[in-house]
């Protein structure tokens, strides 16, 4: 790649900011994972454009759209928009929107890392923590706007389960097979911190459900106290997440920094920004707007897609949405597991699960509260039980600081069993607090939202 002096589109306000050693170090596992899917762009043709503004725009456009191995999926975005505008069947709109969200999630991570070159590692870490699960949060907000509380709960629960069981299980299994003659080790301290945060989230999910059982009364008696308990628990979780961010970015930063090692595997090494600061801000806003548009399509067509495909909304929300929406991040975690870099893999899988459980879920409850929508943490027995078993299984799996393929295989099998459970379970879309959604009994009337 040409030097920065030969690329005037990287210069904003006449100079390059943020290219200090401090800003290049301290990359998180999420940054490293996303970088594994990036590729270098050949800017030779763009550099010949005489107009500086046009040259800068074309260079940024090429870096943003072609600087990823997932660039082949970008055509799904205009196709989804056209399908929606011309009245194509809802399942087509749903599928194309899901595919279009895959590269967008990776590009948001890329843009936040580019901006961090200019803001420094701390502000960059805060930005990455905020935007790390932007897709899930935006989908949840649109679902809340349409009063589809069950979809919000299902999709967020699915994201946690997929990170803990599917991503981590696949990574440990593939890494164990690829390094079967080597002893795989990782830093237990980061895993312990994330496991502790996940157990806190589990407690906050369990108590509203157990409170409903303990009350033994009708929904009219128990719904308000359960809702108040859920909102109080969400405030506690947000306080805990704030402390977690301080712990991660300031007091114990070294536990969460990914170790960069030189490789000859073709992975792009981001030693300098490839787009300017303000360009990165504009592109980030644009990408977020496109994610919002596709998320609206996904939420609006999920019921029709469910009916057309013969799959329950719970299965689509818990299994399909998280797998497709986070495919780029998941692929990066598995790639680093193949390279025997389990600290990066654990940082991605556990970090994402922690962020969703302790930040995105309570934030959605607070947003619903502001919107006048009653969303609580009282999931059904099946959902809460699946979450509890998953967190405990992962905590036991990671307790000794070593890994092998059998651990990954067991986590994968747990995910398959949970997926099969939701495949055969018919959950009513508008009853988010049903204790036993698989049985059509009086429980539906008692515990329905």
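Count begins at 1; order follows the chain as displayed.
Backbone N, Cα and C define each Cβ position, glycine as well.
Just so you know, TrEMBL annotations never went through curation; they're auto-generated.
Long-range contacts of the transmembrane segment (76-104) within its own chain (CB-CB distance under 8 A, at least 6 residues past either end) are made by residues 68, 70, 135, 287, 290-291, 293-295, 297-298, 300-302, 304-305, 308-309, 320-321, 324-325, 327-328. For 76-104 (among others), the entry in TrEMBL reads transmembrane segment.
Look at TrEMBL and you will find 90-250 (among others) tagged as domain 'Sodium/calcium exchanger membrane region'.
According to TrEMBL, the transmembrane segment annotation covers 125-145 (among others).
The annotation transmembrane segment is assigned in TrEMBL to 151-175 (among others). Sequence-distant contacts of the transmembrane segment (151-175), counting only residues of its own chain at least 6 positions beyond either end whose CB sits under 8 Å from a CB of the stretch, comprise 133, 136, 139-140, 143-144, 184, 198, 299, 302, 313-314, 317-319, 321-323, 325-326, 329-330, 333-334, 336-338, 340, 342, 345-346, 348-350, 352-353, 356-357, 360-361, 364, 368, 375, 379, 383, 386-387, 390-391, 393-394, 397, 403-405, 407-412, 414-415, 418, 427, 429, 432.
The transmembrane segment annotation in TrEMBL covers 196-217 (among others).
Summarising the annotation, TrEMBL assigns transmembrane segment to 229-251 (among others). Proximity of distant same-chain residues to the transmembrane segment (229-251), defined by a Cβ-Cβ separation under 8 Å and at least 6 residues beyond the stretch ends, is recorded for 121-122, 125-126, 129, 193, 197, 200-201, 204, 207-208, 211, 354-355, 357-359, 361-363, 365-366, 369, 375-378.
According to TrEMBL, the transmembrane segment annotation covers 272-295 (among others).
Here TrEMBL flags 280-418 (among others) as domain 'Sodium/calcium exchanger membrane region'.
Here TrEMBL flags 315-338 (among others) as transmembrane segment. Among residues of the same chain six or more beyond the transmembrane segment (315-338), those with a C-beta under 8 A of the stretch's C-beta atoms are 30, 32-37, 68, 70, 98-99, 101-103, 105-106, 109, 135-136, 139, 150-151, 154-155, 157-159, 161-163, 166-168, 170-172, 174-175, 178, 298, 302, 305-306, 309, 344-345, 348-349, 352, 419, 422-423, 425.
Sequence annotations record features per position, and here TrEMBL assigns transmembrane segment to 345-371 (among others). Same-chain residues lying 6 or more positions outside the transmembrane segment (345-371) and placing a CB less than 8 Å from one of its CB atoms are 28-30, 32-33, 129, 132-133, 136-137, 140-141, 144-145, 149, 152, 156, 159-160, 163-164, 167-168, 171-172, 175, 186, 190-191, 194-195, 197-198, 200-202, 204, 230-231, 233-235, 237-238, 240-241, 244, 256, 258, 326, 329-330, 332-334, 336-337, 377, 394, 398.
Residues annotated as transmembrane segment in TrEMBL: 377-398 (among others). Sequence-distant contacts of the transmembrane segment (377-398) (same chain, at least 6 residues past either end, Cβ-Cβ under 8 Å): 153-154, 157, 160-161, 164-165, 168, 172, 186, 188, 191, 195, 198-199, 202, 204-209, 211-212, 226, 230, 233-234, 346, 350, 361, 365, 407, 410-411, 414, 418, 421-422, 425, 427, 432-438.
Annotated transmembrane segment per TrEMBL: 405-425 (among others), in sequence order. Counting only same-chain residues 6+ beyond the ends of the transmembrane segment (405-425), those with a CB under 8 A from a CB of the stretch are 161-162, 164-166, 168-177, 180, 311-312, 314-315, 318-319, 382, 386, 389-390, 393-394, 397, 437-438.
Across the domain 'Sodium/calcium exchanger membrane region' (280-418), the DSSP tally of helix, strand and coil residues reads 115 helix, 2 strand, 22 coil.
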